[in-house]
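Noted in Swiss-Prot for the protein shown:
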TRANSMEM  19-39  transmembrane segment
TRANSMEM  40-60  transmembrane segment
TRANSMEM  91-111  transmembrane segment
TRANSMEM  112-132  transmembrane segment
TRANSMEM  140-160  transmembrane segment
TRANSMEM  167-187  transmembrane segment
TRANSMEM  213-233  transmembrane segment
TRANSMEM  236-256  transmembrane segment
TRANSMEM  277-297  transmembrane segment
Amino acid sequence: MGPAEAGFGDYVALLKPRVMSLVVFTAFVGLWIAPQPVNPFVAFCAVLFIALGGGASGALNMWYDADIDAVMRRTAGRPVPSGRVTSQEPLAVGIALSGLSVMMLGAGGNWFAAGFLAFTIFFYAVVYTIWLKRSTPQNIVIGGAAGAFPPMIGWALPTGGIGIESLLMFALIFFWTPPHFWALALFMKDDYSKAGVPMLTVTHGRKVTRCHIFAYTLVLAPFALWLGFTSVGGPLYLAVSVVLNALFIAGGWQILRRSEDQAQADGYRVEKRYFRLSLYYTFLHFLALLVQHWVGGW
């Protein structure tokens, strides 16, 4: 099959729209709750350019990871390994969107935020995808910074800089990322092993991974709660964060106490439930920040 069989949806899929949706949302929240007001049209354009930058990162990742995507069940249906899109098209799309998104964000917003976006694209495409992902079990720990930068970019658009609030938003996503992906790796270990990706489950086993998941839930909680006591926090956000972190820690504790025999016996039911919870964890925190901004904080 050649590229002629590719549809519009295949090119959209190159941008990893599900991943991009969280990037867009967290960037928007960072922008909207910043202390300086921003014109709604400028905000819309800025978020669009950040989305294009996120899509560029996804396309470059699809280009470089085509070989391992073809091996893993979870990714074998993607446009490149399935043959619907040629291997070089994601590279062209990624480079074009990288340049466009950074230049437009700089021209329409500010060059500090644009430089931040350029660094984020570079970090995800080069530092994480090309270097870390295949070389160290800490791949998702260090590489997770790429997914944590968007709210800082959003914050930098109206403010032109960095604040404690944007650093804590970064920390929330940064420390959430490892347990989120390690939970997935607990029940997808064979896929990662077959593809030669040194996830923690592959290099150190599931027992060590369970310990790391629980440890990160404990590290994550203080940063999430601390955000509630800053200028963007308030009682509503804090209440949501307390509940979410209690559930996340309880889920991590359940995972820690499980034996591999128990997990295999019930098809990794607890691990899959924890993974689903992690999908909502970050979204609900940022939604709570947005609602708190509308109703007023402390």
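Quick reminder: no glycine exception, Cβ is built from N, Cα and C everywhere.
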Per the Cβ filter (under 8 Å) with a sequence gap of at least 6 from its ends, the transmembrane segment (40-60) is approached by 14-17, 19-20, 23-24, 27-28, 31-32, 90-91, 93-98, 100-102, 104-105, 108-109, 113, 117, 120-121, 124-125, 129, 146, 150, 153-154, 157
Honestly, do the transmembrane segment (277-297) and the transmembrane segment (91-111) touch, with at least three Cβ pairs under 8 Å and pairs 6 or more apart in sequence?
-> no
Which sequence positions outside the transmembrane segment (19-39), separated from its termini by at least 6 residues, show Cβ-Cβ distances below 8 Å to it?
-> 46-47, 50-51, 54-55, 58, 147, 150-155, 157-159, 163, 165-166, 169, 173, 231-232, 282-283, 286-287, 289-290, 293
Which listed range (91-111, 140-160, 167-187) shows the maximal number of Cβ pairs under 8 Å with respect to the transmembrane segment (236-256)?
-> 167-187
